[in-house]
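Engineer: Just dropping this structure here.
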Amino acid sequence: MDVLTLPAYGKINLTLKVLGRRSDGYHNLSTIFQSIALADRLTFSRCREGIRLETSGLPVPQGPENLAYRAAARLQSRYGFPGVRITLKKQIPLAAGLAGGSADAAATLIGVNALFNLGLTPGQLAREGAALGSDVPFCVIGGTALGRGRGEELSLLPPLPTLWLVLVKPSFGVSTAAVYRGWDASPGQTPMEAPDEERALAAIRRGDRAGIMASLGNDLEAVTCRLYPEVMAIKMRLLAEGAERAVMCGSGPAVFGVAADGETARRIASRLQETYPETIVTRTL
C-alpha cells in the first residue's frame with residue numbers, strides 16, 4: 001500500500017457528567033460519546049524520512065503542535081518507520097468541543113498503522129491515543145460509546161437511530177482548562193437540562209429516539225455559558241428556530257441542535273448562518 005485516505009469523524013457528547021477532579025489534575029467523567037458525519041480528511045503516503053504535514057481548509061499548525069503530527073511521531077519513535085507525508089483537509093471547526101484535533105490524531109494512528117503494516121490492534125491504537133488526548137481513544141473506536149475515567153475507558157454501545165444535527169460554532173474558541181477551572185470553583189452547577197445517563201443508556205439499547213432526546217445534557221454547559229454568555233444565546237436561538245433539543249458540545253463553545261429530519265435541519269441552519277457562518281448540518285453515524 002502506497003497511499004491511504006481516511007476520514008476523521010468529529011464527535012458530540014450526548015451526555016456528559018463531571019464526577020470530580022483527580023490527583024493528576026484531570027477530571028473523572030462519565031460521558032456518552034457519539035460520532036458524527038462531519039469529518040476532516042487525511043491522506044497518508046510514504047516518504048524517505050521524517051514527518052511532513054501539509055494542510056488545507058481551516059488554518060491549523062503544520063508542526064509538532066498538531067495532534068496528527070504528534071500521533072505520527074509517537075508511532076515512529078515507538079515502532080519505527082522511515083517517513084510519512086500527511087495531507088490534512090481541515091473541515092471540523094477548531095476549539096469547538098467537537099474533537100477535531102483528536103479525530104485527526106486517531107485517523108493518523110489508524111492510517112500509519114495500516115500504511116506501514118505495524119500490526120497494532122484497535123485496542124493498542126486506542127491506548128497509544130490516550131497518551132495524546134482524552135478524546136483520541138474514542139475517535140479511534142468511533143460509533144457510540146460510554147466513556148469513563150478521563151474518557152479513555154470505553155464501553156461500546158449499540159448504534160443510535162439517526163439524529164439530524166445543526167452545529168453552531170461562534171467566532172471565538174474556548175479554553176477547556178478554563179472551563180474545568182470554572183467547574184472546580186463552583187462544582188455542581190446545574191445546566192438547563194441535567195444529563196440523565198442511565199435513562200440514555202437504556203434508551204440507546206432499545207433504540208428509543210424519544211428517550212434518548214429526553215436524556216441529553218452536559219454538566220459543563222452552565223460553566224461555559226457563565227464564562228461565555230453567547231453560548232446560551234446560541235442554544236436559545238436553536239430552540240426558537242425549531243430544534244427539538246440543544247446541548248453544548250464537550251466544553252464548548254459549539255452547540256448542537258437536534259432536528260426532526262434533514263429538511264428541518266437545513267431550514268434551521270439557513271436561519272442561523274448569517275449570524276453564525278460556522279453553522280453546519282450533519283448527522284450521527
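A Cβ is built for glycine as well, from the same backbone N, Cα and C atoms used for every other residue.
Straight from Swiss-Prot, here's the annotation block:
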ACT_SITE  Lys11  active site
ACT_SITE  Asp135  active site
BINDING   Pro93, Leu94, Ala95, Ala96, Gly97, Leu98, Ala99, Gly100, Gly101, Ser102, Ala103  ATP binding site
Engineer: Excluding Pro93, Leu94, Ala95, Ala96, Gly97, Leu98, Ala99, Gly100, Gly101, Ser102, Ala103, which residues of the same chain place their Cβ within 8 Å of the centroid of the Cβ atoms of the recorded ATP site?
Structural biologist: Gly10, Ile92, Gly250
Engineer: How big is the Cα-to-Cα gap, in Å, between Ala99 (ATP binding site) and Asp135 (active site)?
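Structural biologist: For Ala99 (ATP binding site) versus Asp135 (active site), the Cα atoms are 7 Å apart.
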Engineer: Any idea what the Cα distance is from Asp135 (active site) over to Ala95 (ATP binding site), rounded to a whole Å?
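Structural biologist: Roughly 13 Å, rounded to the nearest whole number.
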Engineer: Reduced to three states, what secondary structure does DSSP give Lys11 (active site)?
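Structural biologist: In three-state terms, Lys11 (active site) counts as strand.
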Engineer: When a 10 Å sphere is centred on the Cβ of Lys11 (active site), how many other Cβ atoms does it contain?
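Structural biologist: The Cβ of Lys11 (active site) has 29 Cβ neighbours within 10 Å.
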Engineer: When you tally the Cβ atoms that lie within 10 Å of each candidate's Cβ, which of the binding-site residues (Pro93, Gly101) has the highest tally?
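Structural biologist: Output for this query is Gly101.
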Engineer: Given Ala103 (ATP binding site) and Lys11 (active site), what distance in Å do their CA atoms have, once rounded to a whole number?
Structural biologist: 8
Engineer: Taking the Cβ of Ala103 (ATP binding site) as centre, how many other Cβ atoms lie within 10 Å?
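Structural biologist: Around the Cβ of Ala103 (ATP binding site), 30 other Cβ atoms lie within 10 Å.
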Engineer: To the nearest whole angstrom, what is the C-alpha distance linking Ala95 (ATP binding site) and Lys11 (active site)?
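Structural biologist: If we compare the Cα positions of Ala95 (ATP binding site) and Lys11 (active site), the gap is 13 Å.
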Engineer: Does anything in the same chain, at least 6 positions from Gly97 (ATP binding site), have a Cβ under 8 Å from its Cβ, and if so what?
Structural biologist: Asn13, Val174, Met248, Cys249, Gly250, Ser251, Gly252, Pro253, Ala254
Engineer: Please work out which residue of Ala95, Ala99 has the most C-beta neighbours within 10 angstroms of its C-beta, and give that one of the binding-site residues.
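Structural biologist: Max Cβ neighbours within 10 Å, all protein chains included: Ala99.
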